[in-house]
């Protein structure tokens, strides 16, 4: 009965949430957009029907609380986010929110109170492609968002975080005054961003750490514009050739660091030599780009940042160009709760499952909770199409199974 | 007196022509735009004031004829074009038109008839960044434009060449029926696109050949979109890393071919991994690009095209991507008239000048005339800022001196 209930909740809510999107391909719900608010409303209505206690904080994070037997014990927060990257998929964020609602539904419908309060937690603005700030909503809830961050501009609108928050009914000043939630427990269900679980034929895994990142989101190379047939090779300052050198050098550096046994990922996700000024018959005098460096080890991030700067110096000298990196942004590599992870793994064993412990390549709200001193853990669901794209994949059956394991973990049986 | 007259004509006309442009930076007069027509009107008004015989052909090329002593001898056409690349400079094309008007003015005002008719020739649509067809206007005048080329679409509007021509008062059907001008002589003054003359301290040079080109204007690499932190290195199909490999490989190929003593230039003028789908936290699943390969030798163009295809095969295999080159377009390497070149050089000697004979890296209408069997030559003017950019440079004094040499070459003195 519980299994059917969980499956029905998962399927119904995924359909309702993903009916809300800017035009495709894929799903687009910008951070602090009315689309994100509409998706929150789907959860509010469902939570009201279940009789949960609903609150929203000044940053518009949503909390739907189911009372537990010991109301003084630290609550179990469970949830994720409902914003998406531009043209993202159906599951990044949504799967975790829907899974949390299914868990609450399982408790409510069984008539069994959980040992502590369970709080379905729907954060805001997790996808930092919109505002260049990591974990906006969860850090706001934790009292860790700063005044300069509140002035960050959204990539599409150019308007500030404070402005967008205010527009939707939030209170930026109150966010900055907020002492933050007291430390409790946080569990986040999420699709894996990579193919590891799917390739291994495993439905879910337990995440013991979240990679940190070091980024230059607005870097550029300045060369000299010239006619493609007129500028002799030696006299050129070609921004695109310079960037190709830099990318190939960083690819080699990535391989070398991996060969030493460290964790690292390097990505140039956006390259723009396609303005009105660029043309096939012109030597490009400028290219804009970004670089995203991720690792579970801050020392490796620092070292690769140093390698990046060394390669920049080489390219500037060899190509007669100027490289401007722009501002650096960072997120800390974070260790998650091994206690919560082992609690979940112990229950899984009763289902004849042996979930692997793995690293998350992407950042998640669970890291923000861990950094604030919470016991925080993630459960990854297998996904055979990567994330942040319209084809993100997930088997609802895998999510149902993971929710059943969580239900068993925190029920008395 | 003649020198003052030439200088005044050059300066007045450059100012009038460059007052006509889409908003900056630089100068933008698209091929077959009303801006190009407005610039032609400047020349029409000036030519009418000089009493020249003005005609326009079905493709809207402009001819302003000054009768010579022998009206049956092949005329001396002199001119260039008035369209520009997007955000181009003040001199590419304009300098040659203005220089031609200054030559006609010098003959008219001195009262001396030239030995043959002199025809100031202002072509249309020389900058093939707008329509992917080389030398549209001059080849139309020569009866060499084809029906499929007439259907080429302009890069900004998406509308056909025939459509744009019709809109401005031209007659595309008549262009296709046109047998073409009878072979005569063509001289084109033009800024050098590279720094060679300026570095050597020489005011002008004589062009004995024009490079040909082989281009893929709409190529792309298709990879697989993924989360930047989630996709392990070995499992990625990153379109941007693949393009960087390809660019670096073609740069090496370029160096190797030059080392063998051949002529070659390779340019990736436009790279687009900057759509709404691209983001710093996504492994790019697609990048669009173009490649422009130029040489004075068709065999080298073919060989480098082969190297490009070999490198594509390697990159596809190594990176798990698919490279789609799209349509190839070409222009032929062309030898210009050594007779006309030596006539001009002989006069220059009387001015104590010894102009060098050099190759043009860029394509020009002079090549279209040569390919149609005309005696055709170019005179390059030094330029210290490259071409196809807002900072194109030219000393009016250099243009005045070159016009004086041409005037002396075809006057009886």
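Even glycines carry a Cβ here, placed using N, Cα and C.
The Zn(2+) 1 binding site annotation in TrEMBL covers A:81, A:92, A:190. The Cβ of residue A:81 (Zn(2+) 1 binding site) has 31 other Cβ atoms within 10 Å, all protein chains considered.
Sequence-distant contacts of residue A:388 (Zn(2+) 2 binding site), defined by Cβ-Cβ distance under 8 angstroms and a gap of at least six in the same chain, are A:85, A:88, A:89, A:92, A:193. According to TrEMBL, the feature Zn(2+) 2 binding site maps to A:92, A:127, A:388.
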Cα-to-Cα gap, residue A:81 (Zn(2+) 1 binding site) vs residue A:127 (Zn(2+) 2 binding site), nearest whole Å: 9
Nearest-integer angstrom distance between the alpha carbons (Cα) of residue A:127 (Zn(2+) 2 binding site) and residue A:190 (Zn(2+) 1 binding site): 13
Most crowded position, judged by CB atoms within 10 A, among A:92, A:127 as binding-site residues: A:92
